[in-house]
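A.B. asks: Okay, these came from TrEMBL:
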{"type": "TRANSMEM", "residues": "6-31", "note": "transmembrane segment"}
{"type": "DOMAIN", "residues": "23-284", "note": "domain 'G-protein coupled receptors family 1 profile'"}
{"type": "TRANSMEM", "residues": "43-71", "note": "transmembrane segment"}
{"type": "TRANSMEM", "residues": "91-109", "note": "transmembrane segment"}
{"type": "TRANSMEM", "residues": "129-149", "note": "transmembrane segment"}
{"type": "TRANSMEM", "residues": "179-205", "note": "transmembrane segment"}
{"type": "TRANSMEM", "residues": "232-255", "note": "transmembrane segment"}
{"type": "TRANSMEM", "residues": "267-286", "note": "transmembrane segment"}
Amino acid sequence: MMGLTDGVFLIMCGAQFTLGILVNGFIGLVNGRSWFKTKRMSLSDFIIATLALSRIILLCIILTDSFLIVFSVNEHDSGIIMQLIDVFWTFTNHLSIWFATCLGVLYCLKIARFSHPTFLWLKWRVSRVMVWMLLGTLLLSCGSTASLINEFKLYSVLRGIEATRNVTEHFRKKRNEYYLIHVLGTLWYLPPLVVSLASYFLLIFSLGRHTRQMLQNSTSSRDPSTEAHKRAIRIILSFFFLFLLYFLAFLIASFGNFLPETKMAKMIGEVMTMFYPAGHSFIVILGNSKLKQTFVEMLRCESGHLKPGSKGPIFS
């Protein structure tokens, strides 16, 4: 029988799932409609659209996992269904994180201004760089998933040895190997974090230099380049902090079996995890002029601020 805690947990997960689907669905709808009209899509729009799609899939996986926690705890802790969910979660999760990282790198290369030959070489070949990054994203996501599958195999071996109650040196060796792979699996999150931090600091330095030049030339500090720097910094910084929150939640959900209140720990981790796919996507909307304009016009239309005969929203 479902208790009060389970009910509150499902309501919170359902609310965050709905919000995430609406936000990411809006991004996919606007960019998809734009592509359908013009048959062209910019690199930034493509990355944002794929990011939104990966997060929609990720939210569906997390919601499925939430239902398993409440209605089928035994199946959640072990079994082929849980292993499948973990595989799809790992692959989609890393795709989502790397797509957000690619977006930050793209903003950095397009907006930041440096005279270093390496940076200029990357800036002039930004399309090629992003294509290689996206291919690398797929490879790294597959690598993290393969690492998880290897972890499952080791876990199965351990369960088999443990069932025979034959705790030998071989068992201890395999157990230590399993723990090592489990810990090393979290290191797959380190590269996108480092790349995002590098993009953030490059934009900060570029904004500082640009602001000093504006002051020396007695120019307004609210020029388009400054505003572009600030928008990109907000998006990357929000990704950084939400990613840290998401990573903390992921650790709580993953290592919940080692905590005193196992089910409660997993619930807390799950609720915190669902905040990231919706929260960062909403910030992306506010930082993208096309998405923001469409979103504002949609709100005006819904609230009845548009008079009959006036210009309607973009997707009218």
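Cβ coordinates come from backbone N, Cα and C, glycine included.
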A.B. asks: Verify whether three or more Cβ pairs under 8 angstroms connect the transmembrane segment (129-149) with the transmembrane segment (6-31), leaving out any pair fewer than 6 apart in sequence.
C.D. replies: no
A.B. asks: Compare 129-149, 232-255, 267-286 by their Cβ pairs under 8 Å to the transmembrane segment (91-109) and return the stretch that comes out on top.
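C.D. replies: Against the transmembrane segment (91-109), the leading stretch is 129-149.
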A.B. asks: By a Cβ-Cβ criterion of under 8 Å, what residues six or more beyond either terminus of the transmembrane segment (129-149) are in contact with it?
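C.D. replies: Apart from its flanks, the transmembrane segment (129-149) reaches 43, 47, 86-87, 90-91, 94-95, 98-99, 102, 105-106, 109, 122, 181, 184-185, 188, 191.
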A.B. asks: Which bits of the chain, at least 6 residues beyond where the transmembrane segment (267-286) starts or stops, bring a Cβ under 8 A of a Cβ in it?
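C.D. replies: Residues 5, 9, 12-13, 16-17, 19-20, 23-24, 26-27, 48, 51-52, 55, 58-59, 62-63, 65-66, 69, 96, 100, 103, 234-235, 238-239, 242-243, 245-246, 248-254, 256, 292, 295.
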A.B. asks: The domain 'G-protein coupled receptors family 1 profile' (23-284): mean pLDDT?
C.D. replies: 80
